[in-house]
Structures are given as C-alpha cells and as structure tokens.
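My questions will all concern the structure given below.
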Amino acid sequence: DPSRRTSTTPFRKIGARAKASPPTANRQLLTMGSAVPTPAKPPVRVLISGAAGQIGYSLIPMLLSGRALGEDQPIDLVLLDIPPCKDKLEGVCMEVQDCGFGLLRSLTPTVDGKTAFEGCDLCILVGGFPRRPGMLRADLLKKNGGIFSAMGKAIGSSASPNVKVVVVANPANTNCLIAALNAEGVPKQNFSCLTRLDMNRSKGLIVSRFGLSSANDVKNVMIWGNHSKTQYPDITEAQIKRDGEWTSVPTVATDEDMKYFKGDFIKTVQQRGAAVLKARGFSSAASAANAVIDHIKSLYQGTAPGEHVAMGVWSNGNPYGIADGIFYSFPCTCKDGKWSIVPGVTCSDESKELMKATEKELLEEKKEALP
C-alpha cells in the first residue's frame, strides 16, 4: 500500500510506483516481419539505508545506471536515513531527480525505519553507528547490535519473502549476523556482507605488481573471514591475463613476488581502509560503493564460468572447517540469485592458521554483540 508507506514520512514521494509502463516506454518501430515489443520488467524495490551518507551518495547513481541489476531493470528506490539527516536526504533526492535516470520508476525518501522495508526486494544496509575516538569494540558492537536487530525485525515482518540483504556498515560480518538472526522467516542464505572491497583492493595491488593493463586482467582472488584487520587475502587461486591467456599467479610469481604476497600484500589489504581514512580524512566511499555494485551484480547476474568472487556468507555446512553460525568471507560462485561456496581450494597449514585467526575474531564479536 503506497499510501501507508508515505503517510509516516515527512517527505513527498517522487514518482508513482509503476504498475505499467508508460505508453512510449517500450515502443519500437514496426518494420516488415517485426513482432510484439518486448514487455517491460516489473520494477525491483530497492532500499538503501544511510542513504544521505558518503557511500550512499556514491552508490545511488551507480545503482540507477543499471550496472548492478541490469540495464533494462526498472527500480523503485527507497532511501532511508535517521531523522537528523532529513534535510540532507531531501537534497540527495533533488539530485537524483535532476539526474533523470531512465530506470528510476519511483523515489521514496523516509526516516521511518519501521515501514521503510515494506515490500522491498533488495536491502542495502549502509547506515550504522560509526566508531568514535576512545570507543571500545564491544561498545560499538552493542550499539550497532540494536540498530541491526531492529532492521532485521522490520525486514522479516514487511519485506518481500524473497528479499536479498547486503550489509555494508561495519562491523559488516557481525552486523549481518545480527540482522539475519532477527529477520524471522527470511533464510540466512538471503543475507550477505561486503568483502568485495577487499577483493578489489587485492586486484589493484596485483595489477600494480605485475604491470597489467587493468583489474579486468585479474580474477579469483580470495578473501577469507572478517572484513577487518584479521582478514586473509589469498592469491592461491588467483589468475592474471597475459597475451590473452589466463595464468595462475603462483605459477608466474617469482620468489620475491611470493614473499610479497605472503607479507606486505596481506598487510596492505588489511590496513587499506585505515590508510584511506588517514590520507583522505574520510572513510572509503566511492570504492566501497563500487564494490557494493560489483557484489550485487555477481549475486543477481551470476559469476562468469571459471570465476569466483569474495562474499561474506552464512558459514553453516562450509567445506573448510570454519565454525557454523557466523558470516564469513569465502570464495563463492553465483547463479540465479543464489551463492555457493567454492569447494576444493587447497589450503596450506599457513593458510589454515590465518583462516582460523579471523574465525576466532568473528566468534569473539558474536559473543560480545549478542546478549
């Protein structure tokens, strides 16, 4: 009920939720032998929380360009933020209108977290409580625990039965766990958290190391565990393209390269977020938004044959001996909106030790965050 959604928000809904395409939306020139025009897809209802923040500001135009869900996929967009950000959110909506995105069917700004999730097919949870100077990790986990518990309950009670939820706000893995545990009736497999940014950072370093043309010449970098300083970026399965042929990184790497990949490479990826914050004065925003789009594209449009990507997913039944009951980053393939953990990756004793270290941190976070 669109009227119910807008009655609780001080904002004016922009555009009507499309029940049918405008008369000219799919008009084609009919020539001899031509058939009926292709019907428009029904809109996907997408919610972005923390929409007035820096990541949201970068994410919205990327999403509405069609890269994530498809260039022919209309979107009903819901932008959620907290009441103190009402004016900023209104300004963001003005800019979205001014862009004139062809895929945007309706725009609903709201500061009501209880009703915002109604009927949503995809929820991108960007907004969370930031860590303040001197704040203990346990306090941050508990503060975000309340936020993501409430959002999980709202998703479970009012979102689409097949809703997909992508958690971006840090601590992403544990925030994802809390939301999933509180979303009654929504399978845990419908939740995932962002470690694609870490994968993209790793790809960029590999491009630089080997002097490649672009990040498109790198695939199958793995990120194990938590989106934190304990994460394990792993090049065991990574491949690079040279002269049109894909080659295993460990096969072409020199002894000096392998020393780098086992040392400075891992540390650089683990500490990249802090380095960006120190240099820029703000947390990563454009790169984070870009990684969200990559994550959603893989989930909805599938991964290419022979390719896997990094995703924080429900750990139950995984083939690597990681504890059940947490969201842990594994190499995953995607098809038809579902992910699968890639089995059979060879893990050295050194790799297993690093994988267990980040698992330990996630189990500690879970213990601190849950009552």
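Including glycine, each Cβ sits where the backbone N, Cα and C put it.
The feature active site, proton acceptor is assigned by TrEMBL to H227. Taken from TrEMBL, the feature NAD(+) binding site applies to G50, A51, A52, G53, Q54, I55, G56, D81, N144, V168, A169, N170. Annotation source TrEMBL lists substrate binding site at R131, R137, N170, R201. Look at TrEMBL and you will find 44-191 tagged as domain 'Lactate/malate dehydrogenase N-terminal'. Per TrEMBL, the feature region 'Disordered' maps to 1-27.
Looking at the shown structure, what environment does each listed feature sit in?
The Cβ of H227 (active site, proton acceptor) lies under 8 Å from the Cβ of N170, P171, A172, N173, C193, L194, T195, L197, D198, G312, S329, each of these being in the same chain and 6 or more residues away along the sequence. DSSP assigns H227 (active site, proton acceptor) to coil in the three-state reduction, placing it in neither a helix nor a strand.
Cβ neighbours of G56 (NAD(+) binding site) (same chain, under 8 Å, six or more residues apart in sequence): I48, G50, L79, D81, V92, V126, G127, A289.
Here R201 (substrate binding site) comes close to P233, T268, V269, R272, S287: these same-chain residues lie at least six apart in sequence, with C-beta atoms under 8 angstroms from its C-beta.
Note on the domain 'Lactate/malate dehydrogenase N-terminal' (44-191): DSSP counts are 64 helix, 28 strand, 56 coil.
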Measuring Cα to Cα, how far is A169 (NAD(+) binding site) from R131 (substrate binding site) in Å?
11
Return the maximum Cα to Cα distance in Å (whole number) over the record's substrate-binding residues: R131, R137, N170, R201.
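Greatest Cα separation within the listed binding residues comes to 24 Å.
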How many Å lie between the Cα of A52 (NAD(+) binding site) and the Cα of R137 (substrate binding site)?
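Pair distance, Cα basis, whole Å: 25 Å.
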Give me the count of other Cβ atoms within 10 A of the Cβ belonging to R137 (substrate binding site).
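Excluding its own Cβ, R137 (substrate binding site) sees 15 Cβ atoms within 10 Å.
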How many other Cβ atoms are found within 10 Å of the Cβ atom of N144 (NAD(+) binding site), counting all protein chains shown?
23
Kindly state the mean pLDDT of the domain 'Lactate/malate dehydrogenase N-terminal' (44-191) in the predicted structure.
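Mean pLDDT across the domain 'Lactate/malate dehydrogenase N-terminal' (44-191) comes out at 96.
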Counting across all protein chains shown, how many other Cβ atoms sit within 10 Å of the Cβ of A52 (NAD(+) binding site)?
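The Cβ of A52 (NAD(+) binding site) has 25 Cβ neighbours within 10 Å.
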